[in-house]
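**Q** Here's a structure for you.
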Amino acid sequence: MSRLDRCLSVRDFEREARRIMPRCVEGYVCGGTEDGASLAESVRALGDVGFRPRGLRVVDQRNSKVELYGQTYAMPVGFAPTGFSAIVMHECDLALAQAAQHAEIPFIISGASSVPLERLQQATGKRCWYQAYLPGNTERIGRLLGRLRQAEIPVLVVTIDTCVGANRENLQRLAFTVPFKMSASVVLDGLRHPRWSLNVFMRTLLGSGVPRFSNLYEEIGPPITQDPPNGFRGERDKLSWEHIRWIRENWPGKLVLKGVMHPDDARQACAAGADGVIVSNHGGRQLDGCISPLQALPEIVAAVPPGFPVMVDGGFRRGSDVLKAVALGARMVFTGRPQLFGAAVGGQAGIRKVAAIFRSEISTDLALLGCSSLADVTPDLIAPIRPASPA
């Protein structure tokens, strides 16, 4: 039985991927910041919510489709932006985009990705969203918007939780840096993982050379072994609501803010003209000690007008996890690590299987909840498993 055949769940993919990836790559993909509290909380919070299913419902015709921004998607799951995915698989960005298209789900290009966004758009019928790490500089933002307009990007996702680099102690211990440096420990780590060295490292170098910062700014940048112009995080600490309003005036497509964790920010996003928000703690990779996105979700849904798209990411590994978020008001759930685990284990076939697992689990769990569609997944179907701690 192949590695791919052995993987029946996202957790199975994670276990297999951890065996394949060098420690520095595993640390980058799987790790969080500081004590890993935000990372752990995202997963724990999902376990604190349980279902109250309804019985004797006719559920033989189930439909998990969702309408969003003029598109119909097969399920309320999309692929979140994942930067530096080239260290997991050769041209991983392209495989992710194509697998998402095959699964009929949204895919968000990361600003820290290496396959040029124009190529990704061409390969997917111009349906990719794009996530930006923006400087607080309208001139530089404007140049990037010009590139996105030319590529016919339909949805711009602005990340708002990366004003400075986080304290990623685990990566420092593993000698993993951005820009990427080939330290002695990284080389030795790669030699201990020959499958990764041959299928990812050598194939990438021989096939397309050192991956580049292809989508960070208005033009393709330098290799990931060098600092891009203005630095990787140049002027991000100056980004403000004033810039969001400027973007709204100058961007004709849909505008989504990612990294919203406070209801006041959701209200401001609406006031600034955003078309949606993604509730996210950046996969536990920015501020440590955050509440989970699932915990933040109900207040944010309550803070915005009815019908305003609220999406979420962070810790989702099962179809049941997705339906918990839907019950709390999420229109779409984005995953990040699961598809990277799929890529590490089985390439594009692995990514497709991860998407298929989510779709199958969602269909099964809809039936077991007594639901025929996502519209039937309402707040009364969930309840806290553990009582809230006293104040």
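Any Cβ shown, glycine's included, is placed from N, Cα and C.
Automated prediction, rather than curation, is the source of TrEMBL annotations.
Per TrEMBL, domain 'FMN hydroxy acid dehydrogenase' is recorded for 2-387. The glyoxylate binding site annotation in TrEMBL covers TYR28, TYR133, ARG168, HIS282, ARG285. Look at TrEMBL and you will find 81-83, SER110, GLN131, THR159, LYS258, SER280, 313-317, 336-337 tagged as FMN binding site. Annotated active site, proton acceptor per TrEMBL: HIS282, in sequence order.
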**Q** Of all the binding-site residues given, PRO81, GLY83, GLY315, which has the fewest Cβ neighbours within 10 Å once its own Cβ is left out?
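**A** If we count Cβ atoms within 10 Å for the binding-site residues PRO81, GLY83, GLY315, the smallest count is at GLY83.
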**Q** Looking at the binding-site residues TYR28, ARG168, ARG285, which has the shortest Cα distance to GLN131 (FMN binding site)?
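**A** Its closest listed neighbour, by Cα, is ARG285.
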**Q** Quick one: pull the CA-CA distance for ARG285 (glyoxylate binding site) versus ARG337 (FMN binding site), whole Å only.
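**A** Cα-Cα distance, ARG285 (glyoxylate binding site) to ARG337 (FMN binding site): 12 Å.
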**Q** Can you check what DSSP calls GLN131 (FMN binding site), collapsed to helix, strand or coil?
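**A** Reduced to three states, the DSSP call for GLN131 (FMN binding site) is strand.
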**Q** Mean pLDDT, the domain 'FMN hydroxy acid dehydrogenase' (2-387)?
**A** 96
**Q** Cα of TYR28 (glyoxylate binding site) to Cα of GLY83 (FMN binding site): how many Å, rounded?
**A** 10
**Q** With an 8 Å cut-off on Cβ-Cβ distance and a minimum sequence separation of at least 6, pull the same-chain contacts of ASP313 (FMN binding site), or say none.
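**A** The answer is ALA80, ILE278, VAL279, SER280, GLY283, PRO293, VAL333, PHE334, THR335, GLY336.
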